[in-house]
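My structure is below; once you've seen it, I'll send some questions.
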Amino acid sequence: MTIHNHTLGFPRVGLRRELKKAQESYWAGKSTREELLAVGRELRARHWEQQKAAGIDLLPVGDFAWYDHVLTTSLLLGNVPARHQNADGTVDIDTLFRIGRGRAPTGEPAAAAEMTKWFNTNYHYMVPEFTKGQQFSLTWTQLLDEVDEALALGHHVKPVLLGPVTYLWLGKVKGEQFDRLSLLNDILPVYQQVIAELAKRGIQWVQIDEPALVLELPQAWLDAFKPAYEALKGQTKLLLTTYFEGVSDNLDTITALPVQGLHVDLVHGHDDVNELHRRLPQEWLLSAGVINGRNVWRADLTEKYAQLKAIAGQRELWVGSSCSLLHSPIDLSVETRLDAEVKSWFAFALQKCEELALLRDALNSGDTTKIEQWSAPIQARKHSARVHNPAVEQRLKAITPQDSQRAHAYPVRAEAQRARFNLPAWPTTTIGSFPQTTEIRGLRLDFKKGNLDAANYRTGIAEHIKQAIAEQERLGLDVLVHGEAERNDMVEYFGEHLDGFVFTQNGWVQSYGSRCVKPPVVIGDISRPAPITVEWAKYAQSLTDKPVKGMLTGPVTILCWSFPREDVSRETIAKQIALALRDEVADLEAAGIGIIQIDEPALREGLPLKRSDWDAYLAWGVEAFRLNAAVAKDDTQIHTHMCYCEFNDIMDSIAALDADVITIETSRSDMELLESFEEFEYPNEIGPGVYDIHSPNVPDVAWIEALLKKAAQRIPQERLWVNPDCGLKTRGWPETRAALANMVKAAQNLRQA
């Protein structure tokens, strides 16, 4: 039996982020819809051709999305919230953009759909909305049109469809509550219609993605798969596709389904391929996801070959990416600034396609010469001085439990901090960043390009910090920040100043819609060669008698928003970062900075997909934070900031961080989030966000006062702070001034009440 290869999907944005530029041009009214559609066609044609040229047998179609593939599925099913519908009932690309962004070149603006993380990745999807008695119909033929496009170009294709059970799992009920799983029989006819249309086009295999099968699902949801796939069987072969974790726990459910193949993620799961071979029906195809679709590392193909060799020829076998290559940058060959050694360790999406071709050929021929050559740099990396720093490894081994304990418990620290800072009731502060103006961005860009020397750059940054301090003093804030003018991104900035990280020029991956991120890559042991934030914090503090917060990004967030190493555990990386930043805390303290904020917005999103794995993750995540912070003296106040919509299930861990003050995002939930802290009897201080910084709207004083009074019903007033929801870097100065003035006024009114 000949072994074939395939990918589960390919990056959409284009090597030079062409899709992003076309989207934003269209949204701004600078280009036409036809011009936007033409860019999409050009990108799809190029990406199919590139994958084919790299040696991919079966090309994915339907992985392209104008905003998000879950949103594409919503349109396919005719699931358009009433507020986003066209007056004439039709669906077009602007309908899609209104759901994603709240506005489009045509139609009335309306609140965008909710956006949340796609499983445990850094990609975000638009949450489907379900209402009782909802009707579904095939209204958006993008998948069929793109299949026709690919077939016309002569490609051998495999359409990609998000499966019905996972689609319902990912959504939320709006309005009257009901069980959204009850909609399964209503959406299945649309799926049947789509699969019938694909069969008419001569399609043999359809990749139907059901990543929910890697979760610890309630029994009712597991039971739903059998009737769903009974309804879909028969017209084409179905490749049931899972990723991001293993499927062993749900294998009994899976093997009872009337499908013809199963794709498993053999990178992130712990499934044994020989056990899968033994338990799957013999006539099924097994697609082995052995090439990591969500990292940048070259694969050890000799290891992958050994993993699969025993079952090659025993059943129909494909080799594939672990998940869609959406989560990987496109092409390593355009990275001209990486040195040859480091570059030899990497593989981006196109190189991962080449890996799949090399692995397929070796398994078919038995000749391992080429895969041995490919894997040689991986062996060399194991001994590279770029990777291993004996001093870091030694320091990690020397950690004791005492290293993650503050000198005294919170009540003792709180007394020392009150004596030091003497803050008023309802103390006001911000989360850290101030508007990143075109002047600030231009200053950083000129310096990066070499058009501005270091002295003039520093003078410029100092001036922006001075302005930020002056603005805050005018507004009457109690605890100030320096505004972060020198920082492009809260993770990238620290990565640039820590040994063990490298940066790419074009390593962009899609985060959501037109937003792309360029994550740093952890290539080796992490250490801090010199202080990072001390100089600017010290300068800002010299400009005022009020306390200025030192601002750090926490170890778990830096880990989660980077491409991590694969040769050590995530726990090891987090603790290395924590030790490096521990030294930063000590240096800030020595420089006279008395309040230090360590942001951990990613602590919750780093949770493993299986709940049974949560405790182990949270244990080391909390320890990393404490290791970072515990060097601080009693009268140094440690803050942390988190932006989650759910705290209930991790409250123990939030409390275990033992931060003196936690600031959280609560304005959009009308302070409901504080219920978790009240029920838990959270012992330390809390700053519930009093206005939503994601909106340009300026909250009025009475509204903020009402929110704070509501907060004081749940949390003792002496432990409450007053602050916005999040950092202000994306806002303009006019609305920032107005909103903060109202926030300060509300706090002053409550002090006098």
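Cβ from N, Cα, C; glycine included.
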The L-methionine site in Swiss-Prot lists Ile431, Gly432, Ser433, Asp599. Which one of Glu484, Glu486, Glu646 belongs there according to the record?
Glu484
May I ask you to find which of Glu463, Glu471, Glu605 Swiss-Prot records for the 5-methyltetrahydropteroyltri-L-glutamate site already listed with Arg17, Glu18, Leu19, Lys20, Lys117, Arg515, Cys516, Trp561?
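Checking Glu463, Glu471, Glu605 against Swiss-Prot: the 5-methyltetrahydropteroyltri-L-glutamate site match is Glu605.
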Per Swiss-Prot, which one of Glu665, Glu672, Glu675, Glu678 shares the Zn(2+) site with His641, Cys643, Cys726?
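Answer, per Swiss-Prot (Zn(2+) site with His641, Cys643, Cys726), from Glu665, Glu672, Glu675, Glu678: Glu665.
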Within the same chain, and leaving aside Ile431, Gly432, Ser433, Glu484, Asp599, name every residue whose CB is within 8 angstroms of the centroid of the CB atoms belonging to the recorded L-methionine site, in sequence order.
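Surrounding the site, in chain order, are Thr430, Val481, Met490, Met551, Gln597, His641, Gly727, Lys729.
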When DSSP is mapped onto helix/strand/coil, what comes out for His694 (active site, proton donor)?
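Coil, per DSSP.
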Around the Zn(2+) site recorded as His641, Cys643, Glu665, Cys726, what other same-chain residues have a C-beta within 8 angstroms of the site's C-beta center?
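Other same-chain residues near the Zn(2+) site: Ile431, Pro601, Met642, Thr663, Ile664, Gly689, Asp725, Gly727.
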Compare all C-alpha positions of Ile431, Gly432, Ser433, Glu484, Asp599, the record's L-homocysteine binders, and send over the largest distance in angstrom.
14
Using a 10 Å cut-off on CB atoms, tell me which of the binding-site residues Ile431, Cys643, Cys726 is the least crowded.
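Counting other Cβ atoms within 10 Å of each of the binding-site residues Ile431, Cys643, Cys726, the minimum falls on Cys643.
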Tell me the Cβ neighbour count for Glu605 (5-methyltetrahydropteroyltri-L-glutamate binding site), meaning other Cβ atoms within 10 Å of its Cβ, over all protein chains shown.
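Excluding its own Cβ, Glu605 (5-methyltetrahydropteroyltri-L-glutamate binding site) sees 17 Cβ atoms within 10 Å.
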Counting only residues 6+ apart in the same chain, whose Cβ is under 8 Å from the Cβ of Arg17 (5-methyltetrahydropteroyltri-L-glutamate binding site)?
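Looking at Cβ-Cβ distances below 8 Å from Arg17 (5-methyltetrahydropteroyltri-L-glutamate binding site), excluding near sequence neighbours, one finds Trp508, Cys516.
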